Amino acid sequence: MKRSVTLATAALIAAPGLAWAAGGAIEGEVAKRSVNVTAIGMFLFFVLATLVLTAWAARRTKSTSDFYTAGGGITGFQNGLAIAGDYMSAAAFLGVSGMVFTKGVDGVFYTVGWTVGWPLILFLIAERLRNLGRFTFADVASFRFDQNRIRTLSAFGALTVVIFYLIAQMVGAGKLIQLLFGLDYAYAVVLVGVLMVAYVTFGGMLATTWVQIVKAVLLLGGCTILVVLGLAQFGFSPEAMMQAALDNHTLHEAIRAPSASISDPITAVSLGLALMCGPAGLPHILMRFFTVPDAKAARKSVFFATGFIGYFFVLAVTIGFLAITLVGTNPAYLDPAGKIIGGANMAAIHLSEVVGGNVFLGFISAVAFATILAVVSGLALSGASAVSHDLYARVLMKGKASDKSEMKVTRFATLVLGALAIVLGLAFEDQNIAFMVGLAFGLAASVNFPVLIMSIFWRGMTTRGAFVGGLLGLVSAVACVVLGPTVWVTVLGFETAIFPWEQYALFSMSIAFAGIWLFSVTDSSKRAALDRAGFDAQFVRSETGHGASGAVAH
Amino acid sequence: MDPIHDKILADPRFRELVSRRNRFSFTLAVIVLAVYAGFVSVAVFNPALFASSFAGQSAWAWGLIAGFCIQGFAFVMTGIYTRRANGEFDRLAQDAIRGGKAA
């Protein structure tokens with residue numbers, strides 16, 4: 001049991017980009033902090049600045065292309081920062097440092113998995129995605145297939161991922177803000193929802209990208225200062241810092257070895273797969289590749305993003321080791337039982353107060369909140385575009401919708417998503433919603449990713465194969481989560497889990513890929529012949545970029 | 001199908017591009033995967049090695065240093081690919097497209 005709880009936490013933290021989620025992120029009862037004026041002041045300044053940015057972006061957001069992809073005018077470097085921003089969530093920052101704080105090197109097991117996914121995305125997906133798509137990843141997944149079925153499947157794949165993530169983010173945001181600023185949970189949720197809608201409806205992708213860039217710079221800068229100030233306490237000697245961590249941690253030398261939670265091979269493989277393939281199925285991350293002008297810039301984005309992400313994770317892990325000594329031995333941050341106040345994920349926040357006083361604490365808290373805001377905005381935008389571009393303009397109107405009506409639908413969809421996020425955020429305050437993150441992530445890896453990658457690379461895939469395989473991936477991911485330890489045992493209260501593993505990507509992904517293969521090779525319909533015949537044109541475009549949207553005519 | 005696509009598809013430069021790029025990206029992908037698989041295997045099957053002191057006497061564990069290095073290595077690999085793809089491969093692609101249009 002203890003082990004499955006550890007795994008539950010691991011699963012949470014495992015979802016890149018956003019999974020810093022609820023329940024696992026802030027443990028136990030959240031004690032409301034006294035109102036922190038400095039933190040609120042800095043945060044208000046950030047909000048003000050981003051609203052000015054949004055007003056500027058709103059004047060430049062006129063067409064659907066502006067709205068979805070900032071007109072494709074973001075540079076590779078900017079997009080690299082924005083991708084890194086999407087990835088460096090509160091989960092990564094607070095979750096990884098918290099994990100190192102409690103368990104030691106386990107944290108680095110995750111950060112390595114998150115980082116190595118990026119070279120693979122670059123080698124296999126990034127440029128082909130840019131060459132084939134225009135606004136959403138469904139553009140690519142449904143390129144040569146029956147629009148009704150495959151685009152609808154992809155759009156729903158995107159929407160479910162977005163909604164589950166949004167709920168988790170909203171609940172997590174509410175709790176975190178309670179802790180950081182002493183604000184009421186309900187205020188926090190409404191505030192996040194309203195700001196998210198404002199950024200997206202008015203400023204579209206341009207505002208969302210710049211909010212993400214500003215936040216990424218603040219987070220990278222803040223963490224760098226945190227590490228430098230922390231190391232200063234050890235005379236800038238990493239060796240002295242680590243020695244002190246070994247001396248002061250209750251587990252001592254054991255924090256140098258991986259804990260039991262990652263020593264099961266099936267779990268390790270499943271987790272590794274999920275860490276690597278997950279981001280390639282997350283709609284708000286994939287959408288970033290359409291904001292740059294061409295394949296060249298798409299490659300550069302990944303190059304810069306990987307650098308920023310790798311650097312950030314080194315900082316996050318180091319922050320955890322610094323906190324072991326500087327926070328873990330400081331009675332001001334421990335409750336009578338010797339546990340850290342607010343749970344392990346507060347380690348980085350407490351550390352900022354130790355090394356930089358109240359002002360720095362305010363700054364780091366504001367950055368953590370900004371992080372949540374930026375991530376939910378990206379999610380809302382990709383969810384809205386699945387509704388307006390995929391479902392409304394392509395499936396319902398068969399591509400005959402006017403730019404104007406599509407924009408209306410997209411703004412309305414954002415509003416509905418915002419309202420939904422607020423209502424569900426409030427409704428789920430005291431629920432165990434940890435499984436939602438796992439589910440959202442599993443869906444990304446088991447539905448969106450297999451359909452996308454096979455549609456790009458496998459000539460033999462047909463509409464039927466993609467549709468049935470995608471559905472099988474969806475059903476098996478949901479089944480693994482519901483029958484697994486978190487939902488079956490923790491939420492529903494059954495004695496033992498029917499599906500014993502917390503990590504299930506190995507199973508659901510295999511089922512999806514096998515389904516796609518089986519139902520494609522046995523498909524001899526007329527549609528199947530069309531699907532296969534369409535591969536050559538798709539292949540030329542995906543490899544050369546000829547005919548790609550936004551590419552300059554040669 | 002766009003007639004230009006047919007010509008590009010038949011163009012030897014296009015075939016050259018696809019085979020060269022696939023070989024390159026496949027090789028890099030395998031290297032990255034192998035390094036990651038090696039890292040995970042050591043963590044799962046030989047935790048003692050993972051936990052042993054870096055350079056013999058440091059307080060830092062080998063596994064931790066290796067993890068940091070792999071993150072840096074991932075960055076370097078994306079740099080290597082981007083450099084060659086943005087130069088050589090893109091030139092080949094442009095040639096193939098020009099060839100398709102001229103023919």
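Cβ from N, Cα, C; glycine included.
Those TrEMBL annotations? Automatic predictions, nothing curated.
In TrEMBL this protein carries:
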SIGNAL    A:1-21  signal peptide
TRANSMEM  A:37-58  transmembrane segment
TRANSMEM  A:79-101  transmembrane segment
TRANSMEM  A:107-126  transmembrane segment
TRANSMEM  A:153-173  transmembrane segment
TRANSMEM  A:185-204  transmembrane segment
TRANSMEM  A:266-290  transmembrane segment
TRANSMEM  A:302-327  transmembrane segment
TRANSMEM  A:360-388  transmembrane segment
TRANSMEM  A:409-428  transmembrane segment
TRANSMEM  A:434-458  transmembrane segment
TRANSMEM  A:465-484  transmembrane segment
TRANSMEM  A:504-522  transmembrane segment
Range from A:79-101, A:266-290, A:302-327, A:409-428, A:504-522 with the greatest count of C-beta pairs under 8 A to the transmembrane segment (A:185-204): A:409-428
Surrounding residues of the transmembrane segment (A:107-126) on its own chain - C-beta under 8 Å, 6+ positions past either end: 10, 13-14, 16, 87, 92, 96-97, 99-100, 258, 262, 271-272, 275-280, 289, 295, 298-299, 301-303, 305-306, 309-310, 313-314, 316-317, 320, 452-453, 456
Contact set, same chain, for the transmembrane segment (A:465-484): CB under 8 Å, 6 or more residues outside the stretch: 141, 145, 149-150, 153-154, 157, 435, 438-439, 442-443, 445-447, 450-451, 454-455, 497-502, 504, 507-509, 511-521, 523
Leading contact stretch, A:37-58, A:79-101, A:153-173, A:360-388, A:434-458 vs the transmembrane segment (A:302-327) - CB distance under 8 Å: A:79-101
Stretch-level contact, the transmembrane segment (A:37-58) and the transmembrane segment (A:360-388), CB cutoff 8 A, at least 3 pairs: yes
Cβ contacts under 8 Å made by the transmembrane segment (A:153-173) with residues that lie 6+ beyond its boundaries: 18-23, 25-26, 90, 136-138, 141-142, 188-189, 192-193, 281-284, 369, 372, 375-376, 379-380, 382-383, 386-387, 390-391, 395, 417, 420-422, 424-425, 428-429, 431, 433-434, 436-437, 439-441, 443-444, 447-448, 451-452, 466-467, 470-471, 474
Positions on the same chain near the transmembrane segment (A:360-388), where near means CB under 8 A and six or more residues out: 17-18, 36, 38-43, 45-46, 50, 68, 85-86, 88-90, 93-94, 135-136, 138, 154-156, 158-159, 162-163, 165-166, 169-170, 172-173, 176-177, 180-181, 192, 195-197, 199-200, 204-205, 207-208, 211-212, 214-215, 218-219, 222, 225-226, 229, 283-284, 287, 348-349, 352-353, 406-407, 409-411, 413-414, 417-418, 421
